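Annotated in TrEMBL:
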- 9-703: domain 'Myosin motor' (DOMAIN)
- Gly102, Glu103, Ser104, Gly105, Ala106, Gly107, Lys108, Thr109: ATP binding site (BINDING)
- 580-602: region 'Actin-binding' (REGION)
- 790-978: domain 'TH1' (DOMAIN)
Amino acid sequence: MEDEEGPSCGKADFVLLDQVTMEAFMENLKLRFEKGHIYTYIGEVLVSVNPYQELPLYGPEAIARYQGRELYERPPHLYAVANAAYRAMKRRSQDTCIVISGESGAGKTEASKHIMQYIAAVTNPSQRAEVERVKNVLLKSTCVLESFGNARTNRNHNSSRFGKYMDINFDFKGDPVGGHIHSYLLEKSRVLKQHVGERNFHAFYQMLRGSEEEELQELHLQRNPALYNFTRQGAGLSPLDSDEKSHHQAVTEAMRVIGFSVEEVGSVHRILAAILHLGNIEFVELEEGGPEQGHLAVAAEELVDHVAELTATPRELLLRCLLARTVASGGRDLIEKGHTVAEASYARDACAKAVYQRLFEWVVDRINKVMETQDRDPRRDGKDTVIGVLDIYGFEVFPINSFEQLCINYCNEKLQQLFIQLILKQEQEEYEREGITWQTVEYFSNASIVELVERPHRGILAVLDEACSSAGTITDRIFLQSLDTHHRHHQHYSSRQLCPTDKTMEFGRDFRIKHYAGDVTYSVEGFIDKNRDSLFQDFKRLWYNSKDPTLRAMWPDGQQDITEVTKRPLTAGTIFKNSMVALVDNLASKEPFYVRCIKPNEDKMAGKLNESHCRHQVSYLGLLENVRVRRAGFASRQPYPRFLLRYKMTCEYTWPNHLLGSDRAAVSALLEQHGLQEDVAFGHSKLFIRSPRTLVALEQSRARLIPIIVLLLQKAWRGTLARQRCRRLRAVYTIMRWFRRHKVRAHLAELQRRFQAARGPPLYGRDLVWPEPPAVLQPFQDTCHALFCRWRAWQLVKNIPPSDMAQIKAKVAAMGALQELRQDWGCQRAWTRDYLSSVNRFNKRRDRALLLTDRHLYKLEPGRQYRVMRALPLDTVTGLSVTSGRDQLVVLHARGQDDLVVCLHRSQPPLDNRVGELVGVLAAHCQGEGRPLEVRVSDCIQLSQRGARRLVSVEPRPEQPEPDFRCSRGAFTLLWPSL
């Protein structure tokens with residue numbers, strides 16, 4: 001069991017109490033209730049206290065916590081019991097059942113809902129459509145049955161007024177494939193009359209409060225329940241109209257999901273409306289000699305019209321059935337006998353009760369037809385297993401207790417008898433199976449009480465049947481006298497005649513039975529009529545001949561002819577007794593699980609526990625006897641593997657895993673280390689522990705070690721995660737390394753393939769496209785590309801004569817400086833480099849010549865035998881500027897001297913472009929000396945002259961014969977002849 005329930009919450013299992021007394025039991029129950037723990041175990045029996053409020057104990061998360069767990073692995077819960085029953089059924093292919101018992105208002109219906117929700121949630125993981133359909137029907141059927149079978153009572157706002165046992169069929173995979181509902185003893189007398197503070201069945205109020213106005217008009221109804229005799233008592237107790245409307249819509253939707261057709265739902269509403277109208281019919285006597293036969297009439301005949309219309313029966317036949325009945329004489333003659341007012345009222349009420357009972361039974365049968373297993377062959381599909389859920393009325397004690405309370409309390413006596421027998425049987429069988437000596441346990445046996453009610457010929461039900469079948473007038477008082485005669489010496493029976501001094505009972509009316517749950521006084525008034533449960537054959541034939549197929553299907557016995565001789569029908573008491581015997585036999589054939597529900601107070605108030613009221617329930621539910629039977633000398637028993645799994649960390653010989661011969665030997669070593677071997681007994685497969693103190697000592701030892709183990713597990717798990725991450729990283733790096741090798745090899749192979757023909761002239765691989773390299777090879781490919789370019793350049797220039805190498809180097813230098821910056825720089829022509837032989841043609845004194853040596857640049861005057869006008873050391877030349885056009889303007893920039901501005905012209909051929917040659921020669925020279933030469937290309941060039949900054953630009957002129965400079969406002973302009 002989880003450690004979330006500490007010592008402050010009390011004992012999670014009453015078996016672990018130090019002393020088995022009522023005071024210790026109640027103290028533990030109250031403590032857990034105050035802490036919000038409404039569930040407690042008695043071994044495998046679950047005790048549930050109704051909290052009268054919503055608690056966060058249910059839903060998908062809670063279901064997931066209990067799914068697949070053992071009973072004691074989680075705190076006590078309904079889900080744990082449902083899971084245990086489901087797993088036992090699935091593991092051993094054995095039928096199981098869950099018996100939910102307790103008094104009215106203890107929470108039995110809600111418990112059955114939660115059990116159904118758990119089973120629906122954990123089944124059908126493959127989402128098979130047929131299984132989903134069955135699950136939906138199982139869940140929705142609860143809503144429908146609550147509407148037609150539950151009512152508000154003084155003890156419970158949603159009290160089940162019938163007993164319900166549901167069988168759920170499962171296939172070999174554990175998925176629900178069908179089901180069947182058995183109903184027991186619907187309290188149909190509630191249709192006619194209710195106690196003060198109680199209501200009729202929910203269905204009436206939901207229809208009145210929740211239907212649309214148009215539907216109410218079709219049913220001839222009004223929304224106020226106080227207008228109808230059958231619902232007037234509970235009219236002021238109705239919830240809000242919005243609640244009734246939402247419930248009505250929920251029931252209608254549930255019926256649709258289950259499979260009720262629209263016509264069937266409409267028929268159900270018409271039958272409910274007909275019952276309400278039937279209850280408002282009153283009878284009046286007519287004066288003798290009047291026109292009406294039988295001297296009886298209906299006060300408001302429009303009600304007869306409404307009932308006839310809603311039930312699709314002829315008005316005249318309905319009126320005849322209400323006012324008279326047909327009797328067959330000794331022969332085949334028929335006699336119509338008119339009713340008195342009392343007889344007509346009795347027939348009306350009997351008809352209303354019977355119609356509602358048949359309607360309820362038809363709803364149950366309709367649901368069963370939808371849920372029944374379809375097309376299943378055990379030879380093909382395997383044997384189906386069953387989980388039964390019993391939600392049946394609890395023990396009832398009212399101010400006036402009648403026939404229904406006798407049957408209900410008899411049912412609880414039978415179930416209590418079965419409970420004690422099965423618990424004792426289970427305990428004794430377990431002891432024998434484990435080889436432990438069985439110790440006889442004293443407990444209260446209610447066998448004599450059950451015999452008092454059901455014994456043949458002498459039991460209360462048998463005496464009642466005899467009174468019902470006797471000829472002549474037999475009254476309830478005569479029946480009571482017969483009971484006194486048969487049971488005057490029974491220790492659990494008494495009456496006022498037998499105990500004249502007991503004035504709590506009325507003479508000639510009351511008798512008392514000492515039930516296991518307490519004394520109950522019953523009034524015999526109405527016993528004979530309720531047991532006979534008779535309805536005139538006229539009504540049966542009337543409803544059978546209805547044109548409404550739904551109503552007709554409810555009355556198959558109406559097809560009998562009135563003269564047909566039939567066996568005497570079984571009485572209501574005999575039918576109920578037979579159904580109880582069959583139910584008990586059915587439950588006894590299954591492996592049982594129990595939920596014992598307790599009502600904490602009579603006020604239906606949350607957080608309040610009335611100790612005296614709960615003490616009474618604990619007593620009559622036999623919970624203390626259950627604890628004593630469970631302990632029977634041993635407070636706890638656990639299989640050896642489960643015991644080791646929980647406590648093995650407390651012993652050095654068993655942690656983390658033992659090396660002994662068996663689990664039993666390991667458990668023995670563990671107990672010896674703790675010195676507890678004298679307080680236990682060893683079974684074949686289980687360890688039996690006598691004292692709860694032994695378990696407390698083991699739990700305390702375990703609690704001290706758990707934090708250490710948690711830290712150890714955290715350390716080991718974190719180390720495991722780190723190692724896993726390291727292995728993953730190593731694997732990633734290995735994959736990356738091999739992938740890189742693969743990519744490198746593939747890339748080099750592709751390079752080799754593409755450049756196989758690169759050695760061939762004249763292109764030497766110029767047109768080859770380099771493949772896209774992997775990112776890791778990008779630097780390598782850049783280097784290879786540079787090497788390839790140098791190799792290709794070498795292949796191209798190695799055959800050039802040495803005399804042309806200077807020109808080639810100059811062109812390469814000029815290309816690096818002027819490529820894409822100047823349109824034409826003379827790359828296509830041969831660079832002679834020696835032009836002095838042709839300058840003697842320059843006969844104008846402004847013409848100059850340039851001489852470039854390896855150290856100086858000289859400006860010469862051709863007109864005076866090339867006299868040196870200026871010598872410019874090359875190491876002072878920092879750069880030169882040219883334009884982007886076809887002109888021959890060149891500006892040489894010198895460090896510490898004026899810039900030299902020249903225009904290269906008078907070349908042969910005319911206007912031959914020699915700017916590129918000049919730039920190339922200077923650039924190649926500077927590269928040879930290892931210093932940079934800045935070459936700027938601009939159409940407006942700055943220069944320095946005599947310490948001042950000036951601008952020089954080019955102006956193309958078509959009419960200009962020869963290039964010429966002009967100076968304007970300190971700026972120079974080269975007039976260039978454009979073609």
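From the backbone N, Cα and C atoms, a Cβ is placed for every residue, glycine too.
Annotations in TrEMBL come from automatic prediction, not curation.
On the 0 to 100 pLDDT scale, the model's mean across the domain 'Myosin motor' (9-703) is 85.
Its Cβ placed at the centre, Gly107 (ATP binding site) has 24 other Cβ atoms within 10 Å. The ATP site is defined by Gly102, Glu103, Ser104, Gly105, Ala106, Gly107, Lys108, Thr109, and by the 8 Å test on Cβ atoms against their centroid, the other residues of the chain that qualify are Asn50, Asn156, Ser159, Gly394, Cys597, Lys599. Shown in sequence order, Arg155, Gly394, Phe395, Glu396, Cys597, Lys599, Gln617 are the residues of the chain, 6+ apart in sequence, with a C-beta less than 8 angstroms from the C-beta of Glu103 (ATP binding site). Counted with DSSP, the region 'Actin-binding' (580-602) comes out as 9 helix, 8 strand, 6 coil.
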